[in-house]
Amino acid sequence: MTTHPIHLHHDDPAHGGERACMSRRSFLLAGGAMVTLASLPGTAVAALKALKADYPAVKIGKLSRLKTGEPLEFAYPYPDVNNILVKLGAEAGGGVGPQADVVAFNQQCTHMGGPLQGTYKAKHQALGPCPLHLTTFDLTRHGMVISGHATESLPQIVLEVRGDDIYAVGVQGLIYGYSSNRAGR
């Protein structure tokens, strides 16, 4: 088998006037270097730190005051991040309370950040459709997409019950517009 070196020149008539910008050997060496760099310990440590973000515990409501199908809005983990707390009346993924039916979700569509305020449908236990591209989310299944353009579930607010008080203690999923939920925009 004969091999031909590949040069940066684009004027070789034998190859239609175009040549690749890199030899196979150079490509394999560069690819191997990238894999090696990606596996360095510093990269893995940064990823683990992102998974262990510390969130403040914030009291957001009382179990005794929640009515089935009537959502309450609250801000968490930042003052400008709007969320919804709702008692669904049926067991839900990530739900708290005696029936595991109290859940909380961020109110920005994960597709393009469309506002979901006022779109809760108690009959279907869903949030949406988003006014931008009609994505709808199932609140009984960790906010997964029912229909529409979004490919990610809604960020779910992690809840804790202490007596009658409900606390937001974390966020499961990335809030739209943030590179990291605890690192800011």
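In case you wondered, yes, glycine gets a Cβ from its N, Cα and C as well.
According to Swiss-Prot, the feature signal peptide maps to 1-46. Positions annotated as domain 'Rieske' by Swiss-Prot, on the basis of sequence analysis: 69-168. The [2Fe-2S] cluster binding site annotation in Swiss-Prot covers C109, H111, C130, H133.
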Cβ-based neighbourhood (8 Å from the centroid) of the [2Fe-2S] cluster site, residues C109, H111, C130, H133 excluded: T110, M112, G113, G114, G128, P129, P131, L132, L134, T135, G148, H149, A150
Which listed residue (C109, C130) has most other Cβ within 10 Å, given these are binding-site residues: C109
H111 ([2Fe-2S] cluster binding site), number of other Cβ atoms within 10 Å: 18
Residues that sit under 8 angstroms from H133 ([2Fe-2S] cluster binding site) by C-beta distance, when 6+ apart in the chain: C109, H111, M112, G114, G148, H149, A150
Model confidence over the domain 'Rieske' (69-168) (mean pLDDT, whole number): 96
Helix-strand-coil residue split for the domain 'Rieske' (69-168), DSSP-based: 0 helix, 40 strand, 60 coil
